[in-house]
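K.L.:
Mind looking over this structure? Questions follow.
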Ligand SMILES: Nc1ncnc2c1ncn2[C@@H]1O[C@H](COP(=O)(O)OP(=O)(O)O)[C@@H](O)[C@H]1O
Ligand SMILES: [Mg+2]
């Protein structure tokens, strides 16, 4: 009996050792990622929140604790209000239109035709285009004197528009360029989603003699909804994080009409050296993205049909 | 028909950039759509006026480094999530998920300070290391690894093969396709990075090609659209080729990652 | 060759419910031991505990007399064949077979030689350079076998290795595996849900149900003397016919009209009250004119060439099956007179279904 107990404890010891070594191996595999997430994501996130409660010097070193003051200042500043409005409008302009466009293109490109591969390539091409390169091209297209758009308008006898220089049009212009830039990625994923739909659904619909538009409403869109949901979430998050095209096309102008939040953070932190205010804005950005994602999931859960 | 029109509209800006890069200054100003002769003069002048070759090299190096780093870290982490069992694994998994909720841009100020204090400004380390860990890539690979039958792992346990050897000898080769997909995605994203290189590089020796474009556009050569477009073409050519080569694979891989 | 002892082995995944309950069994060196039972009864769990892939909740596992509870799978020096074969899809047949041999410090040259030898043994020589996906199901199965054999481990575990093959190939592989095991002198623990496999392959078998051992023994002993109604209905195809019966005076009455007299000894064992009565299909025959028999209505007839299966209604809710040699011309719907060879009657207690052992057979037949 005692030897059995003895053996039993010996086993437990070996097992504990093994559990520990399992833990160690697992952690070893995870450590590089955890370390980098810690240093370059979790720590800076905490630090951002911390900095948002301070006045800082031009180096970003916190000097005086001011509590909510940075936030209060923000809410009172017209500049921030404009920035928030620009961000909201930008999201509103780009996300729905972008998704509708990408979905339409994906449905078009999901036909079984000869040479359809070429069109798929054409539609996904913007995925390979950097923000910088795309912005330069659109800069040229928007050019008031030699750009394509004003030339077309001129040919129609309509006077030209100062696309990027007119506060009325600048945000819209940047949005159009952005929709184009983001189409490739959304298209690619939506096409994948379409191709995952079970073909037999369409076959049975055809046997039942259902019309094309009904097929679209009753089969394609519901079955595509998980993919649409994913694309919407990603597009939303991306839209809130837009920076490159603003920096290259408008620099936040004219009259701050395109000063979206990330650009505003960038300017405050690296040009005006107002790190406290930049951090407060970053915190607001974080909270906004979080709320939008959570809302999105809450709504999505009810609307999405998983297969 | 709709297909053709929309296809042309979508690629027109890219095509146009190619065409302009072959035009002479006058043609651009007149607004022609087709160059009279396909002259490479703009390319020559682009390489002369900005150190485009250095930028391209930097971008290539940075992208390859980020790609390699991400592949290694993501596959290691995904392996741990699928093939090791230990206390706290679930918890760490939720930690990984939570990283997707943090917009990277919200953390750029302290990140800049960190990189600065590490002395990594204007260095490849500063440009690449912060991006090595990636939750999306980890999930994508985790999905793939989960399709590997667990009996494969058990068979190797019975044979006495170590975890590391099972990882390199079985898991990685079996998941080759998905890893390639992730590699393409990583490279594309890294090559196209804009904000971070803008923050952490301020000299020509370390600048990436995207920032080089900004430089071209803001310098006096900006009015010389042919030269600028030649620069644009040099920037987009590598990624476009990569995209065309890997489009199908990318689409399948990303869909797999997107849905669950 | 290797002896495997399980002493009071219990397994629980969630700490509440026992998937395996106090298993006691010894597998002798060189024995072909089959673990059989319906799916979900805990066979794989038991095998995986022996392999070291699953922890042992309580009890002791001993290999060659030495406690092995805490050994890693590779320290136990055994080989295993999985139901899905677990072949590495990116490696050729040859690489699959030799993968992992380096751990056992086998030189490259010997790896090649051993691989050649087992491939010869299993008829894989022509496929050594192929990938698993370029092989048929049967060939994959052989590669899995080769991989187990090549390690020269004295103990081999197999978990339903044949269930992905078609019936014909399965029959062929049964015999091949058995021959291989004999030739190499392996101790084999073989899991299956198929009682035919158990009957045809086993030296000894263990019948599991719901984590409980029902019976351990040689196939024919189990067949002839099932320990309880579960074993009786699980082993044998078609299974043993069972019916509730009641002791009245000194006769057993089943379904109100079929009676069989019992000896005094039996009567004593049974006591009074209810029992379950069992008859193997081959012990039911058409009654000859002189024999006492009783009338039943035929519900279905399956003629298999060398034998005929006759399903008939027995009482209100029961159907029995009789198995007769040859090709019978009985038609469904027909009334036939059958007789039961009551020397082979099996009796089980009504509550627990345990067999009531009776030495002497009843003296004479009386029916209806
Ligand atoms: N990993 C596990 N976790 C929890 N329960 C399990 C696990 N594996 C098996 N079981 C349960 O244990 C019982 C026996 O399973 P198993 O040994 O696979 O049966 P068999 O191989 O005889 O079909 C089943 O009820 C099953 O649900
Ligand atoms: Mg099983």
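Any Cβ shown, glycine's included, is placed from N, Cα and C.
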K.L.:
Among the residue ranges A:201-220, A:221-240, I'd like the one that TrEMBL describes as transmembrane segment.
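P.N.:
So the range that TrEMBL calls transmembrane segment is A:221-240.
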K.L.:
Which one of A:20-43, A:44-67 shows up in TrEMBL as transmembrane segment?
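P.N.:
Matching range for transmembrane segment: A:20-43.
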K.L.:
Go through the chain and flag residues at least 6 beyond the ends of the transmembrane segment (A:171-194) whose CB is under 8 A from any CB in it; none is fine as an answer.
P.N.:
86, 89-90, 93-94, 97-99, 101-103, 105-107, 109-110, 120, 123-129, 131, 134-135, 138, 142, 163-164, 220, 224, 226-228, 230-231, 234-235, 238-239, 242, 245-246, 249-250, 257-258
K.L.:
Given a Cβ distance threshold of under 8 angstroms, which distant residues of the chain, six or more beyond its ends, lie next to the transmembrane segment (A:278-297)?
P.N.:
45, 48-52, 70-71, 73-74, 80, 83, 229, 232-233, 236-237, 240-241, 261-262, 264-266, 268-269
